[in-house]
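Visitor: According to TrEMBL, the protein carries these features:
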- Pro99, Thr101, Arg106, Ser260, Thr261, Glu305: L-glutamate binding site (BINDING)
- Cys317-Cys379: disulfide bond (DISULFID)
- 17-372: domain 'Ionotropic glutamate receptor C-terminal' (DOMAIN)
- 27-90: domain 'Ionotropic glutamate receptor L-glutamate and glycine-binding' (DOMAIN)
- 147-170: transmembrane segment (TRANSMEM)
- 209-232: transmembrane segment (TRANSMEM)
Amino acid sequence: MPGSHAFESLHEQQRKVLKVTTIAERPYVMEKTLPDGTIEGYEGFCIDLLDKLALHLGFEYELNIVRDAKYGRPKANSTEWDGMIGEILNGNADIAVAPITVTARRLEVVDFTDPFLQLGISMLMRTPDKKATASITSFMWPLSPRVWMFSAIGTFLTAFVITLIAVLSPRESPEQFNIKNSFWYLMCILLRAGSGFNCQSSASRIASSVWWTFSLVLIAQYTANFAAVLTVDRKSMPFNSFEELGNQTEYSFGSIYGGSTMQFFQYSRLETFKRIWERMENATPSSFVESNDQGVERVYVFLMESASLEYEVTQNCNLTRVGNIVLGSNGYSIALPKGMKGSRWREKLTRQILDFNEKGIMMMLKNNWWKSSEQTEECQSAQSTGGEEGSGGALDSRILSDCSSYSGQDWLCL
Ligand code: ASP
């Protein structure tokens, strides 16, 4: 009889308690802070999803954060796996509910449900805060510090040469071209102003001509860059494709160590991606990180998955997606053991995930967690009033293609 002790214990036995492994990654699984500041349990997209699945499929769960904080890849010189995949394989977990990507290698050892989120690999970059950098020294932006430094050294050296010529040449007056006046003479040439000095000897005329030519190039370069710097918007990037990223050396880039993103570049046969992998592998200090939040903080350009990237740009105005590139099409799925034990749950969970997708529940859950922070809302509205488009914080971020650099291999891009 319902309510009786016998019924309760029978019911208990029938209810399955699943051991769930997951990873602390925002906004999927985050520590829950109560209003009084104490931390109690976890919250996030995956927790909500898990609760909904548990409710609909009638199971209970015991949540554990994966001990080594890894997603899962084969251990070196061993058949064992680390991370959440390892936990499933050694029986410590029944399922993994986390932002874990389906890959061919993982599929060889575990099963996956249909994906609950779609994604591809994208580039996230930290952009400078405009307000913080605009200053009295902004006029120096058009040229790099090195160019300024070498121009100053060049000016002093040329002034010294002109003074020396004036001392040695009988046609020049050393009083007129002393070091101070020579310097003034060169500055006037540089700034297209008259200095009132005129050199007479061939040697100083040759030196002056060389200086004029140099000043012509420098001023042309400065003027050209000045217009570009003044109209620079937050979305103008030093590179716009993976090809360009691999070819430049100025910006460091990285990904999660051992994650599917890293493995994608590690095992790719395409030159562009191989080059990116070599650069990441040989970077010192290491450009690999443990999690997305570490990557966002530490690495200048972070190669990460578009679903997580969309979240990061909603949280920080200084983060921008580079070039709207989404490489490949993949998904986050629930991982389960292979074989009979897993397949029963795989079917149930897949059906339920499809149902959530069709009914818009998944979208609702996502909208709940991918909300813009107050700070980003403010700066996005500031940008739109300034006539600029938002820096990528929109939930329905468009997935555009950037296939030009992969010589027609459009299966690589969405
Ligand atoms: N979600 C990825 C994984 O499953 C982590 C990453 O590489 O971004 O390994």
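Residue positions begin at 1 at the first shown residue.
Just so you know, glycine gets a Cβ as well, placed from its N, Cα and C.
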Visitor: In the same chain, outside Pro99, Thr101, Arg106, Ser260, Thr261, Glu305, whose C-beta lies within 8 angstroms of the Cβ mean position for the L-glutamate site?
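Guide: Going along the sequence, the neighbours appear as Tyr71, Ile100, Val102, Thr103, Leu119, Gly259, Asn330, Tyr332.
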Visitor: Kindly assign Pro99 (L-glutamate binding site) to one of the three DSSP-derived states: helix, strand or coil.
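Guide: Its secondary structure by DSSP: coil.
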Visitor: Rounded to whole angstrom, what's the largest C-alpha distance between any two of Pro99, Thr101, Arg106, Ser260, Thr261, Glu305, listed as binding L-glutamate?
Guide: 17
Visitor: Three states by DSSP: which one describes Thr261 (L-glutamate binding site)?
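Guide: Assignment for Thr261 (L-glutamate binding site) reads helix.
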Visitor: Which three-state DSSP class does Cys379 (disulfide bond) fall into?
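Guide: Helix, per DSSP.
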Visitor: Take the domain 'Ionotropic glutamate receptor L-glutamate and glycine-binding' (27-90) and count its residues per DSSP category (helix H/G/I, strand E/B, coil), listing them in that order.
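Guide: Helix, strand, coil within the domain 'Ionotropic glutamate receptor L-glutamate and glycine-binding' (27-90): 20 helix, 19 strand, 25 coil.
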Visitor: Can you see whether DSSP assigns Cys317 (disulfide bond) to helix, strand or coil?
Guide: coil
Visitor: How long is the line from the C-alpha of Cys379 (disulfide bond) to the C-alpha of Glu305 (L-glutamate binding site), rounded to the nearest angstrom?
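Guide: That comes out at 24 Å between the alpha carbons.
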Visitor: May I ask which of the recorded positions Arg106, Ser260, Cys317, Cys379 have a CB within less than 6 Å of any atom of ligand 1, listed in sequence order?
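Guide: Cβ < 6 Å from ligand 1, in sequence order: Ser260.
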Visitor: Can you name the residues of this chain that are 6 or more positions from Pro99 (L-glutamate binding site) yet have a C-beta less than 8 Å from its C-beta?
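Guide: For Pro99 (L-glutamate binding site), the qualifying residues are Ile23, Glu25, Tyr28, Cys46, Leu117, Glu305, Ala307, Ser308, Tyr332.
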Visitor: How big is the Cα-to-Cα gap, in Å, between Ser260 (L-glutamate binding site) and Cys317 (disulfide bond)?
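Guide: Rounded to a whole number, the Cα-Cα distance is 27 Å.
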Visitor: Please list residues from the chain of Thr101 (L-glutamate binding site) whose Cβ is under 8 angstroms from its Cβ, counting only those at least six apart in sequence.
Guide: Tyr71, Leu119, Gly259, Ser260, Thr261, Glu305, Asn330, Gly331, Tyr332, Ser333
Visitor: Rounded to the nearest angstrom, how far is the Cα of Arg106 (L-glutamate binding site) from the Cα of Cys317 (disulfide bond)?
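Guide: About 35 Å separate the Cα atoms of these two residues.
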Visitor: Per DSSP, to which secondary structure element type does Arg106 (L-glutamate binding site) belong, with helix, strand and coil as the options?
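Guide: Helix, per DSSP.
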